[in-house]
């Protein structure tokens with residue numbers, strides 16, 4: 001990509017961002033749009049415009065984001081949102097402090113050398129180079145003493161990363177400890193998850209076995225247990241009832257709306273009972289829904305009794321009457337046979353994946369092996385389509401692959417737009433398809449909570465982007481464009497890598513700019529959710545519940561957001577010394593990302609669960625992994641440049657591994673389990689244990705007849721069916 005195309009891409013992206021910010025400023029001030037731009041405070045029962053002037057200042061949201069404290073973020077969206085902002089500010093700090101030294105030191109060193117010019121003169125097939133490439137390490141000649149500056153730059157980036165990551169880990173650890181020691185009682189702090197419960201004697205129910213076991217081990221602190229049941233059938237009936245209730249409310253609203261002065265009796269809505277309401281007999285919707293609800297409620301009550309008594313699984317949630325006892329029990333090896341009575345901290349009630357709780361240890365291990373194999377195959381074979389996509393990085397490759405497009409792409413206006421946007425947009429769309437698949441695989445492992453599944457999916461995605469996006473686009477783009485040269489002159493491969501790899505920084509530089517300007521602009525403006533909401537409200541929504549569902553924003557989406565950010569971390573770190581010009585773009589990405597994300601967690605997103613910052617060790621480890629990849633890359637690049645002092649960079653790699661081990665030993669255990677001194681801090685009131693127990697009763701088992709905790713527990717205690725034995 002030449003300088004003109006880059007400037008065109010950057011300027012266009014910037015203009016789009018400004019337009020989207022102005023749209024956000026205008027649209028967010030309209031009361032009719034408040035549920036789209038302020039759903040978080042509205043869901044908490046607050047007035048979104050209280051103590052806030054409806055000004056048309058396009059930077060007013062920036063001022064409010066800066067003024068809001070970390071406590072405000074936690075109050076609005078929880079500790080997880082605050083930790084995500086710490087992650088963004090951590091990477092921003094690394095890039096800012098690195099760039100303060102690298103930009104003024106390395107850009108002149110690279111820009112005043114002439115390796116690319118000499119290579120272009122000596123080889124007819126070397127091709128032209130852009131002004132941007134002259135500011136990269138590829139413009140420094142082999143064996144040059146100038147390479148000392150770049151090697152010292154690698155040390156500087158590494159030291160800055162070590163220091164800032166340590167401070168951030170310590171800060172997040174304090175945030176988590178404060179949340180876990182909160183004076184407000186939380187259900188998950190008083191419960192543990194017990195899996196792989198041994199088969200019961202024939203004369204004892206599974207619940208009685210769990211109760212007697214824990215009463216013997218914890219006679220003073222054990223409260224009661226809740227045996228996990230197979231909810232598949234009862235949950236299906238419950239969801240059908242909820243669906244008919246929504247249809248009934250919608251039909252009643254339509255009927256009430258049809259009553260006018262000209263037609264006071266109104267027109268009763270009708271529906272068809274067949275597939276998707278398109279076929280089958282025509283019936284009165286209100287009567288039909290009422291009949292189905294009455295019929296299904298009877299089935300639900302019968303199935304609830306069967307589920308509680310006959311469908312008990314070999315897993316349970318065990319409750320204690322104080323936090324310290326629960327924290328201690330979750331960290332204890334209970335049985336001599338360690339593959340039975342396996343315990344861990346209970347997930348938050350909203351985050352429980354009920355079908356996975358009862359999965360046996362051997363099944364979890366088998367599934368995990370299968371999932372890892374599938375992930376490995378995905379990582380390896382995704383390289384093929386990624387390599388194909390990278391062929392579009394330059395129009396020369398596009399013309400070679402599709403000669404019939406030559407006349408079209410040679411048009412100056414079309415050529416500029418295609419070079420600026422085509423490869424980046426195609427890659428972004430292609431990558432957007434993967435996270436959902438990885439989330440499905442992670443849940444298939446038998447992971448017990450949504451937050452854990454998100455972390456697992458994000459980890460898989462990180463390794464994918466390292467091998468396929470960073471390595472795939474970089475190496476495939478270089479090799480594809482010069483395949484003929486490599487075949488004819490194999491010895492030129494090393495020279496090719498040394499002179500051409502830095503040039504790929506222009507692709508990633510445009511990729512980063514497109515993501516932060518257009519991506520953050522669209523997120524801030526919320527144009528797509530706004531349009532969808534108003535269309536649903538006008539044509540589909542008839543009840544308040546339907547309107548609420550139409551504007552419900554969901555959570556921050558860590559499963560896709562964090563891996564996407566990790567891709568930028570990897571790219572910017574790996575190119576920070578090879579092409580220092582990428583550092584300001586990375587800093588803008590994370591600085592602007594911090595502002596937009598803070599605005600969104602305060603005003604928009606509503607958390608679906610709370611893990612109290614459990615994602616941070618994952619973030620920390622992946623940043624370190626990106627740093628190690630960067631260090632290995634620089635070692636290889638220095639060797640290609642024939643720099644005799646390149647072995648000095650080898651020292652950084654073991655230092656990074658030692659640093660990772662030290663931080664893990666120092667901080668990680670307090671994230672994996674709650675420290676007793678944290679759990680033992682006093683509560684402001686005696687916890688309501690019945691409410692804590694009831695918080696874990698699945699919605700499909702909550703009915704008027706089983707709302708009383710004693711009745712629910714009694715129903716579980718009278719199991720009559722045989723529990724499967726392995």
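Residue numbers in this text run from 1 along the chain shown.
Yeah, the Cβs are placed from backbone N, Cα and C, and that goes for glycine too.
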| note | Matching 127-146, 147-166, 167-186 to TrEMBL annotations, transmembrane segment lands on 147-166
| message | Of the ranges 345-368, 369-392, 393-416, 537-560, which one does TrEMBL flag as transmembrane segment? | response | 369-392
| What range among 286-307, 308-329, 616-637 does TrEMBL record as transmembrane segment? | 616-637
| field | The annotated transmembrane segment range in TrEMBL, which must be one of 82-107, 212-237, 238-263 | value | 82-107
| field | Per TrEMBL record, range annotated transmembrane segment [choices 190-210, 421-441, 673-693] | value | 421-441
| message | If we skip the immediate neighbours and take only residues 6+ beyond the ends of the transmembrane segment (82-107), which ones have a Cβ under 8 Å from one of its Cβ atoms? | response | 70, 73-74, 135, 137, 149-150, 153, 156-157, 160-161, 164-165, 168, 171-172, 175, 556, 558, 561-562, 565, 569, 572-573, 576-577, 580-581, 583-584, 586-587, 590-591, 593-594, 597-598, 601, 613, 615-616, 619, 623
